[in-house]
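**Q** Provided herewith is a single structure, encoded as structure tokens, for subsequent inquiry.
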């Protein structure tokens, strides 16, 4: 018989063997800080609903604006691809919310188990790889001015964007291989989870690859790029580019740290039980990232928000270098007008 913790009722992606013979976790709450299972379920469902309701229309608007912009501004194409990755995740949320509402029962069969969970992992990998490419592009634009108008920039950006999706798909395969539809008896239900079949090496390998390629490696690269840009070229820095990078890591860092703890924690330990209890909320925070970018577009485009949402998105995508150049031209033009109006 399996002794389950609370979290498995709400998490559609957990490591099945970790839930075997876990220690009993106290259910009394002397400080009044514990959630009941019903409150926990409601919090998760509200979170999923909010992400869906904000993310789908928001990302659709951003996708439309960035698609129009990308036809004559290469930089906007990065946000078009990022938005598509976020939309991919957002549209899957109603399907992922159903097992939460049914307290862990998976109604979509083995194919749905494999497909829906793989979509979220693909979205994560594609997003972080695209953000890595965006950071490199911004770095080259700042320190190699000739890069902006170079023909090989267009080719390079397109190659990196396509490679981000292909590599993301490739990195999704290992976890998909171990995904199973599992039968439980107490209570009777089907659960979508990862079953490594007791293979510690497989679990460690997949966790390590996900941590290095989906988190640590991109984090080091992007922190280096944006740190140098912020210190040495603050006036030409693109705040939206930095904001989407920071937002990604705020949302996904707890998830990756949690996966490492789950892989490293001793089996049947109290630490593992506690971590698994918190897992659904950490997963929800990671998925919430898919609704974050539209909010950032509205924030950075707030000066034009009174005109229209489209105008706000256009303003958020503006290039600080172009804006600086425009200000310079206006200043020069104004100076000429003042000189011409001076009495001789």
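For all residues, glycine too, the Cβ spot is worked out from N, Cα and C.
Bear in mind that the values here come from a model prediction, so they are computed numbers and not experimental data.
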**Q** For which of the residue intervals 6-28, 121-143 does Swiss-Prot record transmembrane segment?
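**A** The listed stretch tagged transmembrane segment in Swiss-Prot is 121-143.
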**Q** Looking at 186-208, 209-231, which one is transmembrane segment according to Swiss-Prot?
**A** 209-231
**Q** Based on the record in Swiss-Prot, is it correct that residue 105 and residue 240 are on the same side of the membrane?
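**A** Membrane side for residue 105 and residue 240, as annotated in Swiss-Prot: different.
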**Q** Looking only at residues six or more beyond either end of the transmembrane segment (244-266), which have a C-beta under 8 A from one in the stretch?
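**A** Contacts with the transmembrane segment (244-266): 15, 18, 79, 82, 124, 127-128, 131, 134-135, 203-204, 207, 210-211, 214-215, 219, 222, 226, 272, 275-276, 278-279, 282-283, 285-286, 288-289, 292-293, 296.
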**Q** Take the transmembrane segment (156-178) and find every residue of the same chain, 6 or more past its ends, with a Cβ under 8 Å from one of its Cβ atoms.
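**A** Those are 74, 77-78, 81, 114, 117-118, 121-122, 124-126, 129-130, 132-133, 136-137, 194-197, 202, 205-206, 209-210, 213-214, in sequence order.
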**Q** Which stretch, 45-67, 79-101, 209-231, tops the Cβ pairs under 8 Å count with the transmembrane segment (121-143)?
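**A** That would be 209-231.
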**Q** Six or more residues beyond either end and a Cβ under 8 Å away: which residues meet both conditions relative to the transmembrane segment (281-300)?
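**A** Non-local partners: 11, 13, 43-44, 47-48, 50-52, 54-55, 58-59, 61-62, 79, 82-83, 85-87, 89-90, 93, 96, 120, 123-124, 127, 239-240, 243-244, 247-248, 251-252, 254-255, 258, 309, 312-313, 315-317.
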